[in-house]
Amino acid sequence: MGTPRAQHPPPPQLLFLFLLSCPWIQGLPLKEEEALPEPGSETPTVASEALAELLHGALLRKGPEMGYLPGSDPDPTLATPPVGQTIAAPFLPRATEPGTGPLTTAVTPKGGRGAGPTAPELLTPPPGTTAPPLPGPASPGPPLGPEGGEEETTTTIITTTTVTTTVTSPVLCNNNISEGEGHVESPDLGSSTSRTLGLLDCTYSIHVYPGYGIEIQVQMLNLSREEELLVLAGGGSPGLAPRLLANSSMLGEGQVLRSPTNRLLLHFQSPRVPRGAGFRIHYQAYLLSCGFPPQPAHGDVSVTDLHPGGTATFHCDSGYQLQGEETLVCLNGTRPAWSSEPPSCMASCGGTIHNATLGRIVSPEPGGAAGPNLTCRWVIEAAEGRRLHLHFERVSLDEDNDRLMVRSGGSPLSPVIYDSDMDDVPERGLISDAQSLYVELLSETPANPLLLSLRFEAFEEDRCFAPFLAHGNVTTTDPEYRPGALATFSCLPGYALEPPGPPNVIECVDPTEPHWNDTEPACKAMCGGELSEPAGVVLSPDWPQSYSPGQDCVWGLHVQEEKRILLQVEILNVREGDMLTLFDGDGPSARVLAQLRGPQPRRRLLSSGSDLTLQFQAPPGPPNPGLGQGFVLHFKEVPRNDTCPELPPPEWGWRTASHGDLIRGTVLTYQCEPGYELLGSDILTCQWDLSWSAAPPACQKIMTCADPGEITNGHRTTSDAGFPVGSHVQYRCLPGYSLEGAAVLTCYSRDTGTPKWSDRVPKCALKYEPCLNPGVPENGYQTLYKHHYQAGESLRFFCYEGFELIGEVTITCVPGHPSQWTSQPPLCKVTQTTDPSRQLEGGNLALAILLPLGLVIILGSGVYIYYTKLQGKSLFGFSGSHSYSPITVESDFSNPLYEAGDTREYEVSI
């Protein structure tokens, strides 16, 4: 055996970690341990917490010289969170799954394999951990002795350190917000926590007062694919689960969402370090409201306000009774709601109507509370001295199972005046002999739907009853319908009088027993016909009742030659097998424009010419009347081209168009000349159906002045509150004030503009006595000279040259009783010199200047006199006589007229 080889001491790092693993180090929790005090122990000190952080930092700062076990994370700084923080398992990458135990130290013999119970015990995770057992350390390398030497008997201490990654929870950033308005932003991605973990799970709960909802607007949104933002409404109350409003894929910048409750949740998740800019959302509370209550069948509803406190009032049509609360109130709450369920309008099966004036009797709905078998009895009682007229509006009875009887009286024993089993439906109705009518309806499992609508009216015995025309109008010469009154009938578009032609006028006759001289006509939707009006309606036969089988109706629509027809399908609900065909021309031989079957939505069709033919075919078959089956078609003529009709410019105004041609979408803008105002809409739009959105406006001359207004410290009286042309406004001031300006203003008209007042609005100024002019100072003057100066006016003084001003240059009139100047007017005094010698020097200077000048003048005068008087010569040569003899030049011309002109005189001066 060779000599044992000297052993090198372990590195300081290994010794330090070995000491850490010793059991005598107590109270220092490692990374995966909870730093919780044992029962009965004191709270760890600050020093122990700092030491724990120091140890944890030492683990993170291990260098390459510390080997890692297989399966450990190659970068512990990424896999190991700070002390006390956790990471959610679903977001962990596979490389960081738990697979290591606590810090261990193993003593391995030269064989390189763990021997004895010490190795597995040390490599086994402690109880309570989820990490699987670690494999043994790797086999050591070749022997440390010389090559070919014997086996060494010494052992080498190998210290293996592993880093444990524990499954922890994500970072939470929850926030409860109760303000009415604000912003919600994504977490600060620059924080140390976000940089270390990169895992976020944030829930922002926004709640406001009950009765308010929350409106959000996405101002900024920049998320990566791994990030998710959810917007949920509701929650926070028992039985009220949150409802998803939108997620990241549904959101966009500028988008607005509303929560129907007073609570809203924003849930943001990021499985790794966020790379996007995040989000910014603005929120604000808004007042919630109740939904609009549904309109009951055979009734109506009127709403004052949909917000809490508003009411909804329900009404039923004539012949129907309200079932439920008549008035509902919108109650405040998390979700405002009406105080009760909306009522319904039901036709009663029988009853007594007292003091009847005008109303209806309607049969109950089939299959209702009364069941298929009906026995309904109504008693209609009018006031004393009146009788009743009963008009049959709609009657559809099963001949075998239904029966209707009407008695003139108020009991079942009164005489029968109508029996459906024996009599036809009376077109002019029934008139009672007394003040009551007894109506009885019997129905036993009818094969067809029951339809009954009777209109009753009470009238005086000395008058005729008021005539009634369904789907038409009645005009009369006497609204009281006394004897001699005439009633004229006309039908609504789509209907025709039946019987056709006269009489469409009936007369109330016989004063002793007033009655109409003829029956009332009826308005019915006919099967076919020729229509040449610019606009009208085409109805299915017998509309609004269902058409009967076996129909073959043809309608011809004709408009002006330069026009074409726009057909709008409002209602189309025909039975299976029935068909409505539209031909683009005159007659069924024209091109087929459309074929309509079964229920159809609203639509529009245009003909190419001025003619359109409609044919409706319903094959014969067993009767199957159904309510609401048929069609309603509206038509009107439009220009052949795709333009709206030309509109002239308004008188006293003009219009501008957005397009050269009046095509669909063209906008016309109207304006008026000065002095005129626009009556009507100033903007018209060419609509899809080639009609204008409104009637063209007009320019009307403005005949009123604008309100001149009140005055301060005064009042006014007007001749007309509208201020028309010619009206007057008179102004007066309060005591102590005086009027400055015109007291009366008159509104007068102008040809080229709006009416104008005759003068400006006056003012009321404090009443003060004026200041008198103080006078002009001697050797001076003043500006703005006048006799009187009002309070507040100023006066300025000036002096002539050589005088100086003594006193105030400007004085002001101070108001008072009387008003006074601020000071006395100034004086103008001669300017005085203080040195008399300067006056003498001034005189000498004047003498020195004037004396030579006088001498020059005297000398010049003497010279002039000498030459002119004594020598007889002109000093300047301006005299007409000359002292020189003239030089004569002979002319070559013999003409005596020019001889004088040829004599030239020359003067030479030296």
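Residue numbering: from 1, along the chain as shown.
Here the Cβ of each residue, glycine as well, is placed from N, Cα and C on the backbone.
Going by Swiss-Prot, these are the annotated features:
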- Cys173-Cys202: disulfide bond (DISULFID)
- Cys290-Cys330: disulfide bond (DISULFID)
- Cys316-Cys345: disulfide bond (DISULFID)
- Cys349-Cys376: disulfide bond (DISULFID)
- 349-459: domain 'CUB 2' (DOMAIN)
- Cys491-Cys523: disulfide bond (DISULFID)
- Cys527-Cys553: disulfide bond (DISULFID)
- 642-701: domain 'Sushi 3' (DOMAIN)
- Cys644-Cys686: disulfide bond (DISULFID)
- Cys672-Cys699: disulfide bond (DISULFID)
- Cys705-Cys747: disulfide bond (DISULFID)
- Cys733-Cys764: disulfide bond (DISULFID)
- Cys771-Cys813: disulfide bond (DISULFID)
- Cys799-Cys828: disulfide bond (DISULFID)
- 866-910: topological domain 'Cytoplasmic' (TOPO_DOM)
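When the domain 'Sushi 3' (642-701) is classified with DSSP, helix, strand and coil residues number 0 helix, 26 strand, 34 coil. Cys828 (disulfide bond) and Cys345 (disulfide bond) have their C-alpha atoms 105 Å apart, to the nearest angstrom. Summed and averaged per residue, pLDDT over the domain 'Sushi 3' (642-701) gives 87. Counting other Cβ atoms within 10 Å of each Cβ, the disulfide-bonded residues Cys349, Cys686, Cys699, Cys733, Cys747 show the lowest value at Cys349. Annotation for Cys345 (disulfide bond): spatial neighbours Pro296, Ala297, His298, Gly299, Phe314, Cys316, Asp317, Tyr320, Gln321, Leu322, Gln323, criterion Cβ-Cβ under 8 Å with sequence separation of six or more. Broken down with DSSP, the domain 'CUB 2' (349-459) shows 0 helix, 58 strand, 53 coil. Taking only the Cα positions, the spacing between Cys686 (disulfide bond) and Cys699 (disulfide bond) is 21 angstrom. Candidate disulfide-bonded residues: Cys290, Cys330, Cys491, Cys733, Cys764. Nearest to Cys799 (disulfide bond) by Cα distance: Cys764.
Each residue contributes its Cα atom, and for Cys290 (disulfide bond) and Cys672 (disulfide bond) those atoms are 45 Å apart. Comparing the Cα of Cys523 (disulfide bond) with the Cα of every entry in Cys705, Cys764, Cys813, these being the disulfide-bonded residues, the smallest distance points to Cys705. The Cβ of Cys764 (disulfide bond) lies under 8 Å from the Cβ of Ile711, Thr712, Asn713, Gly714, Tyr731, Cys733, Leu734, Tyr737, Ser738, Leu739, Glu740, each on the same chain and at least six residues away in sequence. According to its DSSP assignment, Cys290 (disulfide bond) is coil. Distances between the Cα of Cys491 (disulfide bond) and those of the disulfide-bonded residues Cys202, Cys330, Cys644, Cys672, Cys705 are shortest for Cys644. Cα of Cys349 (disulfide bond) to Cα of Cys672 (disulfide bond): a distance of 63 Å.
Considering only the disulfide-bonded residues Cys202, Cys330, Cys553, Cys644, Cys747, Cys771 (disulfide bond) has Cys747 as its nearest partner by CA-CA distance. A gap of 61 Å separates the Cα atoms of Cys705 (disulfide bond) and Cys527 (disulfide bond). Cα separation, Cys747 (disulfide bond) to Cys813 (disulfide bond), rounded: 37 Å. There are 19 other CB atoms within 10 A of the CB of Cys523 (disulfide bond), with all protein chains counted.
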